[in-house]
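What follows is a set of notes on a single structure, which appears directly below.
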Amino acid sequence: MSIRRKQVVYVGLDDYNALNKSELSFSKGDRLKILKPPKDDDKWWSAQNLNTKKKGYVPADLIAIEGALELNDWCHGAISRNGAQYLLKEHNVDGMYLVRESQSQPGQVRARLLRERHTHTHTHTHTHTHTHTHTHTHTHTIPPTHTHTPHDRQAHAKTIVVGMDLDKKWELKRDDIKLMDMLGGGNYGEVFKAKFNKQIVAVKTIKEESMETVEFMKEAHVMKKLRHPNLVKLIGVCSLSLPMYIVQEYVPHGDLLSFLRRPNARSTIDETAQLYMSFQIADGMSCLEAQNTIHRDLAARNCLVGDNLVIKIADFGMGRVVDDLYTARTGTKMPIKWTSPEALCYDAFSTKSDVWSFGVVLWEISTFGDVPYPDMEARDVIHKLEEGYRMPAPRGCPAGLYDVMSDCWHMNAKERPTFEQLKLRLEELHNAQKGEDGGDGLHEAAPAANTVWREQFESKDKKKDEAKKQKTEEALDLTKQVFSGAQHIYRYANEQTVAQLVSDLNPLCQRLVALLKAAKILDKSQLKALASAVKDLAKAKTKLEKVKTACEKLRDVARTVNRSLKKSLAP
């Protein structure tokens, strides 16, 4: 008798929205089955969502084995004892506790409780069937972690719900990181150029005396979830001891603000380059928008410039994952000239407050790094905004771009566009500019900037046009086949041949309708007429008279569609 191995089930640690067709969306708590055994260094695993039955690739760092401790809000992974103290004292609520894995004795889980401003430690040693508890300091007993229920937690203590645990895959060996030149100062410490495993990286550090450990690690937590060509990529963290490190990709040309303020910037950055940079920032922010994440500090100074004019959004130190609206804690410092009115007045942040900031970034790009609201004190900005004041269009601003800025600065947050809509607007501006230049608006390449990005940016439009033309030609060929098949049935079919002829024609009809729907290359009324004719043929089955009537209609519709497609291909 064979013993069937129990299927290991994983659970989503957080919500994840797929960014392309190969990825799999899941919600926090969804159960997942791994379809293919992953390798040790695989970051993406092939899985099936047992809740939705859909399949695709999932980020390995956002799932855990069902029943694992890290699924619980109160478990914070292998953070240090000092880190646990920082977390508790940061919240400063009597009776609050957290659970962490011991760094010195793997297998032991330690609970830390805040009682009358002092922290107390409880140690739990886990085996498969037992939990042994030893209390170092006498306090009220915390229930064993494996028997916790929401009711137990409410009865004994409050929990910290800050997700501080970073998957072991993100924890790097400090000895593998060699700090080099200091690049500047960050929100919490210094930023260094460094080498990690023969790779040049950037390392953000936290000062040892700083009490902002929680905020620092939240930045890593936000970065861990985000993957996009226009977002700075997280490589890993060193969080087990101070000073903590966030290790991220190195972007060679510094921040966008300094890049715009270079002496030769006005002669090397033309309107197309400005639109290209703006589009990339909107693209990166649309990823945050899709993941329900707000940046809260979007500005040119927090965007980095890579080779080929690639822009990467950075500095997620103020970022938050939100359902809709986030209210900042009292005392939070805000970049006033970049912050929306509702955020300034009510501490209410949302993706639409990021859209306001994006409008200011567009203004920075158009002015080559001027300070927003020039000649105006920061404290006066909010009063002017409430009176209806908006910064005027910068001199030399690309046509139509100021309209985009103005829409970003709508006083009613709900009236502001989404980042997905802003991407489309910027693409339209580029296409319009290309048309005004007779199609060769890129002939004067900026001498100091690599032109590869220009070719890539321009090729997006060419590829779209080529793909559309290819699909139109394919649809045109199918209409000819459908017309011929319908004509033949209408004229020559009999009781003996009708079944086979209909069987041959139906798949062609289905392919044609599916192609035209996906490609969106046909007028809706014509597509509806075609779909109706195909449906009538399917209903007729093999009844000769009904089939002939349906084919007469299908033949006429196919002829009309064929003419429309030919017209769309005409120069």
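Placed from the backbone N, Cα and C atoms, the Cβ positions cover glycine too.
The shown structure was predicted, so the numbers you read here are calculated from the model rather than taken from an experiment.
According to TrEMBL, the feature ATP binding site maps to Lys204. The annotation coiled coil is assigned in TrEMBL to 530-557. Annotation comment: TrEMBL describes 121-139 as compositional bias 'Basic residues'. Residues or ranges marked as compositional bias 'Basic and acidic residues' by TrEMBL: 455-472. According to TrEMBL, the feature domain 'SH3' maps to 5-68. Residues or ranges marked as domain 'SH2' in TrEMBL: 74-107. Feature annotation from TrEMBL assigns domain 'Protein kinase' to 177-429. The region 'Disordered' feature in TrEMBL is assigned to 121-151, 453-472.
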If you count Cβ atoms within 10 Å of the Cβ of Lys204 (ATP binding site), leaving out that atom itself, what do you get?
26
Structural state of Lys204 (ATP binding site), classified by DSSP into three states:
strand
Against which stretches of its own chain does the coiled coil (530-557) lie, if we need a Cβ under 8 Å and a gap of at least six residues from its ends?
482-483, 485-487, 489-490, 493-495, 498-499, 502, 505-506, 509-510, 512-513, 516, 522
What counts of helix, strand and coil residues does DSSP assign across the domain 'SH3' (5-68)?
3 helix, 25 strand, 36 coil
Mean of pLDDT values spanning the domain 'SH3' (5-68):
85
